[in-house]
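Scroll down for the structure; my scribbles are underneath it.
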Amino acid sequence: MNFQPEVFCGVCIGSASISLLLTMLQLLPKKGQSPRKMPKASSSSTILLLISICDILGGLGMIFRSSVWLGFPGFIANISVVNGTDVWPSAFCVGSAMWIQLLYSAGFWWLFCYAVDSYLVVRRSAGLSTIVLYHMMTWGLAVMLCVEGIALLYYPSLSSCENGLEHAIPHYITTYAPLLLVLVANPILFRRTVSAVASLLKGRQGIYTENERRLGTEIQMRFFKIMLVFVICWSSNIINETLLFYLEMQPDINEMPLKNIRSAALITWIIMGVLNPMQGFLFTLAFYGWTGWRVDLKWRKREIPWESMSSSTAGENAYPSPVNYQSNIHDSKKISTTDSQQTDEAIGMLSEGNTSSDERLTRSSPIYQGW
């Protein structure tokens, strides 16, 4: 199909490098942010951090693999040598593929756990203790599917990819199962979470004011932006694999009627090289918004961007804000019921990172007036 690996690797290096730099810029502390007490992180904020870490490490894997392909063409040429004595090229091929697939697959599972956790938080069935279960499920399933997919693709030679759909299909299933799970299950869980949030906001005070409506909209928009980034970054992979599968079923892929399909497959390959690594940066925009350019490299004990401003203690309110809003609440006034506290904390965990609306809602929401 005249696939040009040099062009593809160059695109991957450029896109992954830009995404890596911008992601780190997003997560680093910024100048002008006043030091704040570092609260105990919620499970949702921890999951968001882990998703970013998976994207960063996956991007590093793409940069490493592409750099070796471009910098050591003689080494790469030995990968396709049949019955070669040098096992390192094949080990590099398999190892780099597993590195990238494992990290991005783990990111998919973490994204699914985020949707599950968001729903359970609103239903008051989740907490920091569940993060251990999420770790077991995410890394266990990611490792199992990755090893199984690679083994089926390389068995029995172990030194080169096997030809034939009987090897390719199981590999694609294990690779794309978590991706398709996120595409199908996450919108359903997000929708149910938004509905549950609306019920909580209505039942908290018996009224549904404009401020409560805005908060519900902000949470809904956050979920929408997460799914939008995911679809943009990975839809090209599904299209590409569909085209390749169709070509694989043809007796001769070089026939003229298939020219447009071959061209589409090559184009989607390049699009994959651009969009897949950019997921890390785009997700930070969906999670936290743009955090600015002014990085503060001086060490001080401060809250990092992914930490929730919602506290786990009863005396602190749950709406996150980039400013210290405690001055807006009288210290001598307490929350009347534990149920109200839990409701506020649950909603605060979901809305953390929405800095523009949180400050407005904190000052004006009826649940804070009169306390």
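We count from 1, first residue shown onward.
Keep in mind that glycine also has a Cβ here, set from the backbone N, Cα and C atoms.
Since the structure is predicted, the reported quantities are computational estimates derived from the model, not experimental observations.
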From 306-327, 350-371, the residue range that TrEMBL assigns the feature region 'Disordered': 350-371
Candidate ranges 6-25, 46-64, 169-190, 223-246 - greatest C-beta contact count to the transmembrane segment (266-290) (under 8 angstroms): 223-246
